[in-house]
Amino acid sequence: RRLNVRVNIELLSISNPVHKKDLAVRLTDDTDPFFLYNLVISEEDFQSLKSQQGLLVDFSAFPQKFIDLLQQCIQEQNKDIPRFLLQLVSSAPALDHTPVSLNVVETNPFKHLTHLSLKFLPGTDAEIKKFLANCLKCLKEDKMMLEEKLKKTEEDLTRQLSYTQQNLSEKSRELDKLKNEWTSYTTALSNKHSQELTSEKERALQAQTQYQQQHEQQKKELENLHQKSIQQLQNRLSELEVINKDLTERRYKGDSTVRELKAKLSGLEDECQRAKQEVLSLRRENTTLDAECHEKEKLINQLQTRVAVLEQEIKDKDQLVTRTKEVLDATQEQKVILEESTEEKQRHIEKLETTIKSLSAELLKANEIIKKLQGDLKTLMSKLKLKNTVTIQQEKLLAEKEEKLQKEQRELQEMGQSLRMKEQEVCKLQEQLESTIQKLEESKQLLKTNENVITWLNKQLSEVQMAKKLDTPASAHGGGRAAVSPHGMPDRPSFHSSGINHPISPLYAFQNFLELTHSKSGNSQCPVPKAGTLTLVQLNSQLSKLNRCSDAHTAPAAGHPANKENGDQLGLESKYFKRKDDSIPLRGLSQNTLNSEYLRPYLPAKAQPSPKAAGTPASAYFPG
């Protein structure tokens, strides 16, 4: 069976009559108070145990090692196949006050290893009584501590309850007060809002009749402007499509040229590497030849007697020298051709390869001649002279070839720079394409917004017309007039249909202002521009000044208390007359509004706009 056992380990120090240390180990079970086994190990007992079980630990370190073994058993007690086990074995079939052995066993696939086995004796009646007395003492102390904690917590909870009940009573009183205040406040607000709603309904009905005439005029103007703007945008679209096609063709051509140049560059780089390798091989051969020359100089002193016999052979070798000179002249001519013709690089490189091959063949011939000279000691002097001349010429040729290679590398670098410039041009063209596409999308969005504005105006007009049909009997009794201030400036124009004095759009007010200034040019005190080109921003400022002058000198009509709030300008706001640089021009707006309809009859000859000014974009006055 399996049990959870408590193990207590204590070190007991005894000073009478001799100072000793004993290790006391006790086994108990929390569920069974009569389960008690004791073991006391002295230093002498430990020495015998150490020799019997082959322990390698001293008495001072034995308790800690025993605790480590117990901890490993505790760590692996929940596993299915634990590595360390703690076995309590008894000789009797049951634990009936018989000695017991406690074994610490390690399991492995081969066998069970017992690290330590200790024999425990069952506790006597006196020991069991002491153990139970200690347990009772500990339980009573715990009980006293818990009772004190309970008393403290009860006192704290009663205090908190009393405090919270007081707070609840105070909060309930405050809630009642707030509810009473809230009911009174809501009733007052409802009365105020009902009065304000009635007054605002009256104002809205008055404003509807005013807006009807304004929307009819603006609808006509906007329709004309919309048609003109659509035609201009269609023309732009066609132009941009043509430009886009040209740019795509240029891009494809540039890509093809770039690919061809890259292929040429790769071929030239391979050929340059091959030429460098051949130059290195030729230099190595020259070094070997120099070494052989030093060896043959030692033999020259012995062979001076046979020089006369070998003079005839020297003449034959002179002919070979002349032939090599002719080959060198041919290579020089090829060099001049390479410097002149930069466009035919591949052909020149092939010629250089042929010349290098011929030079290598000649070098092989020279090697054969050297071998013959080794057999014939008489021809050494002549061959040495020939070798010196040939090596000098070859070094010159190699230096010239290196210069050619450097020039070709410079040309390749220049070609690379030109390729980069072309790639930058391609990137610029792509950016231009993207900007044109963005402008197209903006123009499409403008068209959509214009269409939405027109539909909204149509809805507003239909609603106003319906309201007008309903209000015709009420508005037939009223009357209106356009008052003139004592300074000669026109007051707010009124509508004959509604009998309500309201400000209207700046274009209508400006038209009346121009008529009055045309008839009374010297009576007005408000400033009027004398000459020069006029913009809608200036006209709007003049109209605001005129409205201020007229408001200062005209009294509100009797029977219309809502005219206090009619001093605000109900036409187009000032933000629609500001210039915006990023907007798309609508050239038809300025021609219809400023030049043809309103300004030309009333401006003097100097102040009338020129044909160039007539085409100014509408975005200067109305933001996109």
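Each Cβ is built from the backbone N, Cα and C atoms, and glycine gets one as well.
Where the annotation comes from TrEMBL, it is an automatic prediction and has not been curated.
Matching 211-239, 472-500, 559-587 against TrEMBL, the residues noted as region 'Disordered' span 472-500. Looking at 16-36, 58-78, 373-393, 604-624, the stretch flagged in TrEMBL as region 'Disordered' turns out to be 604-624.
Residue counts for the domain 'SAS-6 coiled-coil' (125-154) under DSSP (helix as H, G, I; strand as E, B; rest coil) come to 30 helix, 0 strand, 0 coil.
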